[in-house]
Ligand SMILES: C[S@@+](CC[C@H](N)C(=O)[O-])C[C@H]1O[C@@H](n2cnc3c(N)ncnc32)[C@H](O)[C@@H]1O
């Protein structure tokens, strides 16, 4: 595909996403319907769509329209490219610019340059204080790819060597012993033997640091109360913990047995009746706005409404209250979100402690792109 044909595909996909379709589903649908597109084309269209969603407001201002054509026009103007070389109308290229499009567009305002809905920018600005501008700027860029060395199968050094043999370069990080940042060859990762044989798992630096802060060891009994795909279960089991996994939507744990087998760890499913008994550590990696990970799922930041946020905070409070009953006396409840909003983090913890006097706060940490990678919150609550 020519650059212009890729731009035309991105315009069509962006228009569907702006009508409310999830970005991932739209990209998959387009790829299935576009057999002529090779893997390089699919990757380029995907990058263009995601980069544009991260910067939707500022690109809409530059392009003079909050629609596929306006956004791609804004992307070209942002890059200093000549739009008339892409909007040619020839072959599979987008139709030529109308006079109004050619004359439209303007520099984004400071609020538009934050590339967030105003109500979220206000909340994050209040919650993050002087860090807000730099965090908002970081959320406008692509996230790095991080791996977790699976200590049950490899050391960071042996994992790096195995990856390098397959053309994937990864650097260690002084902040976390298991973390490796991929610096080259990331598109080869999922088909690599190092990944398929469980030497490494895809996991961002911040949740790795959160799991390390839980200080589990061989024999620690853990209930992962919101196990989902099992990212936290696998990380804790690799440290030797005896993990029981539960999720209110069991289908979300579908891949967990295969992932655990690949990683060489044992994870017990709680079963349909739900978890029983008490544990040294109960992890509640609750559903959240995902505001800390919006550079990976940038369509989500434009979809979130104040009502959605209010609903998800109610769900969080219900989950943590139920999970607390499974913490043994002297044990720990770990409350986690991948959000940067105080309403889902500090305020949620304060509400829990007010309703559960048998718990006290040991430690609360917020990781941001300024201190780690994705935005992530952990509170350790002692019973
Ligand atoms: C942030 S995701 C978990 C991600 C997962 N821990 C991981 O590391 O891959 C939140 C999970 O909470 C689950 N969930 C939602 N409501 C729940 C409830 N009432 N009780 C337990 N889990 C719930 C969702 O199904 C979802 O899988």
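Glycine is treated like the rest: Cβ placed from N, Cα and C.
Keep in mind that TrEMBL annotations are predicted by a computer and have not been checked by a curator.
Noted in TrEMBL for the protein shown:
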- 86-110: region 'Disordered' (REGION)
- 135-383: domain 'SAM-dependent MTase RsmB/NOP-type' (DOMAIN)
- 247, 285: S-adenosyl-L-methionine binding site (BINDING)
- 338: active site, nucleophile (ACT_SITE)
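Location within the structure of each feature annotated in TrEMBL.
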residue: 247; record: S-adenosyl-L-methionine binding site; DSSP class: coil
residue: 285; record: S-adenosyl-L-methionine binding site; DSSP class: strand
residue: 338; record: active site, nucleophile; DSSP class: coil
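Of the listed binding-site residues, namely 247, 285, the sparsest CB environment within 10 A is found at 247.
Over the domain 'SAM-dependent MTase RsmB/NOP-type' (135-383) the predicted model carries a mean pLDDT of 97. The residue listed as 'active site, nucleophile' is 17 Å away from residue 247 (S-adenosyl-L-methionine binding site) when you measure Cα to Cα. The Cβ of the residue listed as 'active site, nucleophile' has 26 neighbouring Cβ atoms from other residues within 10 Å, across all protein chains displayed. Counting residues per DSSP class in helix, strand and coil order gives 6 helix, 0 strand, 19 coil for the region 'Disordered' (86-110). Taking the Cα atom of each, residue 285 (S-adenosyl-L-methionine binding site) and the residue listed as 'active site, nucleophile' are about 8 angstrom apart.
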